[in-house]
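Reviewing the structure listed below.
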C-alpha cells in the first residue's frame, strides 16, 4: 500500500526518531562534528516527508529510511570512527567481532555506507518508478544503482569540502577516514553492493522472469555487458576521486 500523507503510524515512527535525536544530543563525543552530521539528518527527514507527499511511499520503505537515519544518529553521537559496536557485541554475545574477522579499524562507518544502499534502495526505486513510468523494471534497477553511486560520490565530495575548513584533528574525527587512502572508494562500493543486494531480494520476481533458466545461454552476453557497465561506473568514480585527491595534494604542495 502506497501512502501519500503522514498518518498516525508515520508520526509514531518519526516520534521515535526524534526521541533518538534528543538522546543522542546528550553529551556527544564531539559537539561540532555531531551538529554537522545532524544537519544532514534534518535534511534527510525533510526529503523523506517531501517524497512521501510527492511520490508516495509504502510504510515499509518509510521505516527502512527511518532505520537508516537511526543508525546514522548513533554514528553521529559517537563519531563514525569511535562507535563501540565491538564492545556491545562482546557484552551481548561474548565474542570479539573485530578479532574474529581480522579488522584493525572501526568498521561502523563502512557499515553505514552499506546500509545506505541496503535500506534506501526501495525509496530510490519508487522515485524512478514514478518519474519514469514507461521504463521497464530492469532499466529502473540500473538507474537506481547509478543514483546510489552518484549520491555516494556527492556525499564524499561534501565531506571533503567540509573537512577543508576544519583542523586536521576535527577533519579526521568528522570524516572517519582512519588513515585509509581508499576510504571513499570503499564507501561508494559498499553502498552500491548494498543497493544491489536489496534489489536482488525486492525485485527477485522480475529478475527471475527476465532471466528464465532456459534463456541463460542467450542472457550471458547481457550479464557480461551489465557487469562491464557497473565496472566502468565504479572506475569512473575512482578516477574522479583520485583526480580530486591529486589536485588537493598539488595545492598543499604549492602552498608549502
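Each residue, glycine too, has its Cβ placed from N, Cα and C.
Note that TrEMBL annotation is computational and uncurated.
Note that the structure is a prediction, hence the values are computed from the model and not measured.
Listed in TrEMBL:
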TRANSMEM  12-29  transmembrane segment
TRANSMEM  35-55  transmembrane segment
TRANSMEM  62-80  transmembrane segment
TRANSMEM  111-128  transmembrane segment
TRANSMEM  140-158  transmembrane segment
TRANSMEM  206-227  transmembrane segment
TRANSMEM  234-255  transmembrane segment
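Remark: the transmembrane segment (111-128) contacts the transmembrane segment (35-55), by the rule of 3 or more CB pairs under 8 A.
Packing against the transmembrane segment (35-55) from elsewhere in the chain are residues 3-6, 10, 14, 17, 21, 24-25, 62, 65-66, 69, 72-73, 75-76, 123, 126-127, 130-131, 162, 174: each is 6 or more residues past its ends and has a CB under 8 Å from a CB in it.
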